[in-house]
């Protein structure tokens, strides 16, 4: 085929390899080198066009750079057409031309057309820098340099300069330079512009693969301590909202309604779907279907579907890197052969250049691989946390009993982190066996069948590792259960810290926590034994493989001599083999831990959820806003709390729900909200619902934001709500008005203030239906009357809204439209006040019981509000009239009436004083508003920080202080720390000397007298084996002692932490969020238990290995010391990068 296309052969080794002036044949240059970039383009172009078709149009403006790119492509296209036409002209003139001289320019012209189309298509889709085209131009430059050398050589020989030297090759270089630059940016709308966008997406392809875009942050981090304000915003693809939306599309595979469009602008353009509320975690609840038969969804399969392609990209990079790793030993073999032979000098430069280029490419690919895996881990963690959070909001009542706060905290902090840690080296599951297989193959090529001995050693280690992994998994499950118990107890302690301090129970609870912690550390110690044993086996594995392979090789035949080529190439392969063999146990351990966490997460996700069909919306034009038809509800299955409920609430009416304690009033509101399990019946609700709980829920935020609750501020409505809810006097008392920070759980507000803030939040929400669970019980009687008159009552702000009020205040009942009486979870009576009084049934009995309580209560003023005495007198008169001949009730009525009369006379002056106070409050309302505006707009920033109640969590910046290291060493124990250092020095000493011994062994091959000496051979083999065994023993001791030291430090530091925490003053807990303290007990303690001692171990291994290597190099080749000053700047730059990374990590944490 080549003979028909070209005049010269396609390949000629005498021209290319066996010569002092190497070159490729003209046919190879025209048919292979010229068309290699075209072949790449034809492969990637269809995929690229398909990907661009799925992206939205985001047209970039025509700029000078984009125009220049098209001009360069046009020049190359025209030049290719010129070459093709010129060749055809010469053929028509009778000159003999081979077909390749015509075909090659035509194919290049076709490639330039594709490049022009791709440039325009990417411009229309907002691609400012194309990696595909950068690679195309790079390949074209590499092949063009070779062809340029041949053209220059041809010009010198023939004294004829081809035009391509001045047109084609400069255009290739210019095209490559232009492709490395970034096109002009789109001018986006001001409201859509991020204040501090991440420069990664806006940088060029070269900047992205070299991480040059991060240089600005490195410089800034070196100059000063970074804060959260210095960090860039997250990329859209990394934000939790975007990540969660992608996950739920894979989680909810079945469409419930037609598509409603895309959620975000950008890469995800597939239709998003609206799902019924509450069905985003489990499959939608099917009434009548047994829960055990409800199909469950697998979290793992949903994660795999979501991130499969992202995972595959990292796998492709890892595969390319693994293949490149095994090229280096082959180049090393060629270099050793080159030094011991008289090959052409250019081959040595060629081998060295290829080795350098290979190292650079390995570094680029490996770091891109890690970038992918770290991003995947971060997105997995965000996904899992969002799933847990969403599931927590939808848990059923029975599920809430089995899922403790401690378990949920651990799921979000520890178990989610397990997946993030796993993704970094998860590819070792397939990459490890792949690398091992390739290493053994090349070892077979180097040492022959002796490599089978190494395979046998590895096969023997597999069942041992499996048994250890099984035991580690059991300990991991037990340890996580103990951790859940500890976090649950710590949460109870923090929630009840006031009571604990009041009764001085610190020592008792400290003992309980420490008992659980002691059991947890005992489990960690058992795991440390197993991990040390695993480290021993897998550290010895590469050495045992090399020992058995070398031993079998030299003992199997007298002709087998271990020379430098075999020794160092085999050693390079064994070093490659060391990483997968040593990482396999780590990955298996991480897999075991992640599997335990996955089961815990799956078990939590499989919990039953609140049925979204408990409540149905009223969509017909009736007059009722709430309907309950034959409703039966339960908090716990098979134990109904509400039975046979029939309830009708007209739109815009005020309905009161009364009953004795425990009769089910609050449960009725929960049933309307859909929070209870519905056993039977139907519940209809029209419009939006606002709920005011009996126990007010307050956020750790300003008072204003507690009322607004993420709604836009309407100043006029806000002032009206604050005034109606009797918050004006409280705002005047607070230091910063409505900008005063409210502590966690409203720690700096009274019970009445919290209830009024909660009511104000509901009123400001402007909902259609209001469910009020006795909000007036927590306030004084005169404040309760004001709230009823100005907010809840017939003339209040909510007079046009539907209101369901649970109350014990009988003075408000005559003003309501309807009263529902509950007795033992059933509706006993329903009607207006006068209707129920006439019936003389359960409602009358309720009033009698209430009056009996009032009669026996000796507190002054319990019935003495002059403003409401007439209402109560009316109730008493009606009760007396409907009581008939019941003399006992008449006596009670007369006694209470007398108390009201006397109390009214005694409090006459008090009423006038209260009236004057209210007038003063009313007159000062304008002044208060002005003061509030001053507090909002004019308060100095320093004063705001000073008045801040909850202290923000701070982190140390800069380098870690020596005091921190010394504190950890003291916690480990000085003696144990010295022992750890000694064993690490011994391990590195034996490791280095083993390599020296192997080097001397390979040098024996130069002396025929030594190679024939069996005693010398046995000595070399025996000492090499002893050194390997010493390495295994010392590294096992290192792992075990380091783990014991880490556990000892965890025990001591947690003991100090807990003691100081429980003995801190109450103000400490009031100024810190509970979640911050719980994170110290869960996530940070997990870091101390697992990560810190492993990091210490890695640090000692790396530092001692680097020092040992430098000493050996200086001893063997003293002139190498000259290179150390040259290597210092990159090392210092690496230190700067590391410091910046640690600072950013501290900010994130």
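First residue shown is number 1, and so on along the chain.
Cβ atoms are placed via backbone N, Cα and C, with glycine included.
According to TrEMBL, the feature domain 'ABC transmembrane type-1' maps to 314-593 (among others).
The domain 'ABC transporter' annotation in TrEMBL covers 626-849.
Taken from TrEMBL, the feature domain 'ABC transmembrane type-1' applies to 978-1149 (among others).
Taken from TrEMBL, the feature transmembrane segment covers 31-50 (among others). Outside the transmembrane segment (31-50), and at least 6 residues removed from its termini, the chain residues within Cβ reach (under 8 Å) are 2, 5-6, 10, 24, 100, 104, 107-108, 110-111, 114-115, 118, 121, 132, 135-137, 139-140, 143, 146-147.
With a cut-off of 8 Å between Cβ atoms, the residues of this chain six or more beyond the transmembrane segment (62-82) that come close are 105-106, 108-109, 112-113, 115-116, 119-120, 123, 163-164, 167-168, 171-172, 174-175, 178-179, 181-184. Per TrEMBL, the feature transmembrane segment maps to 62-82 (among others).
Sequence annotations record features per position, and here TrEMBL assigns transmembrane segment to 102-119 (among others).
Among the features that TrEMBL reports, transmembrane segment is placed at 131-149 (among others). For the transmembrane segment (131-149), the list of distant contacts is 23-24, 29, 33-34, 36-37, 40-41, 44, 48, 115, 118-119, 165, 168-169, 172-173, 175-176, 179-180, 204-206, 208-209: same-chain residues at least six beyond its ends, Cβ to Cβ under 8 Å.
Under the heading transmembrane segment, TrEMBL lists 161-182 (among others). Away from its own ends, the transmembrane segment (161-182) comes close to residues 65, 68-69, 72-73, 75-76, 79, 83, 128-130, 133-134, 137-138, 140-141, 144, 147-148, 151-152, 154-155, 202-206 of its chain (Cβ-Cβ under 8 Å, at least six residues beyond either end).
Summarising the annotation, TrEMBL assigns transmembrane segment to 306-328 (among others).
Same-chain residues lying 6+ beyond the ends of the transmembrane segment (348-370) with a Cβ under 8 Å from its Cβ atoms: 209-211, 314, 317-318, 320-321, 324-325, 327-328, 331, 334-335, 338, 424, 427. Look at TrEMBL and you will find 348-370 (among others) tagged as transmembrane segment.
The feature transmembrane segment is assigned by TrEMBL to 422-444 (among others).
What TrEMBL lists as transmembrane segment is 528-555 (among others).
What TrEMBL lists as transmembrane segment is 567-592 (among others).
What TrEMBL records for 967-987 (among others) is transmembrane segment.
The transmembrane segment annotation in TrEMBL covers 1023-1050 (among others).
Per-stretch counts of Cβ pairs under 8 Å to the transmembrane segment (528-555) identify 1023-1050 as the leading one among 102-119, 306-328, 567-592, 967-987, 1023-1050. Residues of the same chain lying 6 or more positions beyond the ends of the transmembrane segment (567-592) and with a Cβ under 8 Å from any Cβ of it are 325-326, 328-329, 332-333, 336, 418, 421-422, 425-426, 428-429, 431-433, 435-436, 439-440, 442-443, 446-447, 458, 465, 468-469, 472-473, 476, 531, 534-535, 537-539, 541-542, 545-546, 549-550, 995, 998-999, 1001-1002.
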